[in-house]
Amino acid sequence: MDILTLNYVNLFLGIAASFLLILLYKQNKQLFLLYWFFASSCLWINSTIGIFSRSGFDLPYWLNPAIPNTCYMGIYLFLLAGLYEQTQRKFKVGWLLAIVILTYAINLTELAQASSANRLLLNLPISIVLNVMALRLLIRQKNRELRAVYICFSMAFLFNIIQLCSRYILFSLDLSGIFTQHSSQIMIGLGYFAITAFSLLTFGSCLYLVYRQQHIALQHIADRDALTGVFNRWLLNEKLQTELQRSQRLKQCCSLVMLDIDHFKQVNDLYGHVAGDRVIAHIAYVAQSELRGYDSIFRYGGEEFLICLPNTDSQAALHIAERIRIQVEQSCAIDCPQAKATVSVGVSTYTDGEPDWQHLITQADNALYQAKKQGRNQTQHYQHLVTQDL
Ligand SMILES: Nc1nc2c(ncn2[C@@H]2O[C@H](COP(=O)(O)OP(=O)(O)OP(=O)(O)O)[C@@H](O)[C@H]2O)c(=O)[nH]1
């Protein structure tokens, strides 16, 4: 493929990417999509000027190659800015503009005007630094849900760093007369091909990122209860089974807390279903704010919640359950004064043996039944009740 054809391919890629990215931005209004739209626009501007120049048009130096070289840098800059934005880090737009102006100014210097090899030797180090910054940022990402996307982006930047460094070394050697003019042309051609490959890799990664984000958002909706935002019951089997198997493997305890709002029918009857819904949502919020990051809470029934506490023995579980119960009692008196809601709580704990989550739920349910029976607004632990009976 000759350089002109590669320019046409890059032009097509740049336009297609710009078109798709601006459509996605209009839909999602996420700033990183706008930055990447600018990156793809730099690609097609770069290619358009390249096509005119290689088709025999006599363009002034300030337009060609100064503008395509600046656009080339713009691709990396806007990609980097988009990555900063997507990973919620601050990127100063002032820096971005300063580097763009600096690149253009460098390309107007006498040294740059002297030869294309000089221009490459001046531009390549800045490109390498920008690519290394992007790779460093990607490697530091801890988001497990987007890990595959960041790996794709990292591959693209790693590939680019390798090709940029190789070309930089080869050009440096070329200056010392080791290579011929012909081999230098081959290297320029390889440079254009590298832009095509890099654009394909990064553009593919952008689309993959948008797809993953949408998938995660849908998964979030599917897994959660609409009223309270906690996990819904469909996820219960899978999560509890995984948690109990992990506890068995690590020889750890795991506790379940079942929580039911007291006399909730009265709340509905007296204040209406909307007020009832508000109480349910409030209690879910209070319970969740008392939990650790690795605990999980499910809406088990209409006004019933189930909490899974990994690596928690019976004493610690009782302590957490009591803390939630007291918090609910106190906060409902302030936040929902008409409907003074309280909760009854049942706790059960897995200690060893074959994990059976259904059995553990039944135990927590029995403890909850005892809490209701003994006057409500209290916490009971199944194992403690059994010991008392003995
Ligand atoms: N507002 C509202 N009410 C609900 C929802 N889901 C279930 N309920 C109501 O919750 C009430 C539960 O009542 P019961 O099971 O009799 O229990 P209770 O009145 O809380 O009494 P105890 O549990 O024995 O203290 C019913 O009236 C249900 O209609 C919901 O999502 N929103």
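Placed from the backbone N, Cα and C atoms, the Cβ positions cover glycine too.
Copied over from TrEMBL, here are the features:
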type: DOMAIN; residues: 252-384; note: domain 'GGDEF'
type: TRANSMEM; residues: 6-25; note: transmembrane segment
type: TRANSMEM; residues: 32-53; note: transmembrane segment
type: TRANSMEM; residues: 59-81; note: transmembrane segment
type: TRANSMEM; residues: 93-114; note: transmembrane segment
type: TRANSMEM; residues: 120-139; note: transmembrane segment
type: TRANSMEM; residues: 148-170; note: transmembrane segment
type: TRANSMEM; residues: 190-211; note: transmembrane segment
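Sequence-distant contacts of the transmembrane segment (190-211) (same chain, at least 6 residues past either end, Cβ-Cβ under 8 Å): 1, 3, 6-7, 9-10, 13-14, 17, 20-21, 24, 28, 33, 36, 39-40, 43, 46, 50, 72, 75, 79, 86, 120, 146, 148-149, 152-153, 155-156, 159-160, 163-164, 167.
Tallying C-beta pairs under 8 angstroms between the transmembrane segment (59-81) and each of 6-25, 32-53, 93-114, 120-139, 148-170 places 32-53 first.
Using a Cβ-Cβ cut-off under 8 Å and counting only residues 6 or more beyond its ends in the same chain, the transmembrane segment (32-53) has close neighbours at 3-4, 7-8, 10-11, 13-15, 17-18, 21-22, 24-25, 59, 63-65, 67-68, 71-72, 74-79, 81-83, 85-86, 192, 195, 199, 202-203, 206, 210. Helix, strand and coil content of the domain 'GGDEF' (252-384), in residues and according to DSSP, is 67 helix, 32 strand, 34 coil. Long-range neighbours of the transmembrane segment (120-139) within the same chain, counting only residues 6 or more positions beyond its ends whose Cβ lies under 8 Å from a Cβ of the stretch, are 69, 72-73, 76-77, 79-80, 83-84, 87, 89, 99, 103, 106-107, 109, 111-112, 150, 153-154, 157-158, 160-161, 164-165, 167-168, 171-172, 175, 191. Among residues of the same chain six or more beyond the transmembrane segment (6-25), those with a C-beta under 8 A of the stretch's C-beta atoms are 33-34, 36-37, 40-48, 50-51, 54, 189, 192-193, 195-196, 199-200, 203, 206-207, 210.
If you average pLDDT over the domain 'GGDEF' (252-384) in this model, you get 92.
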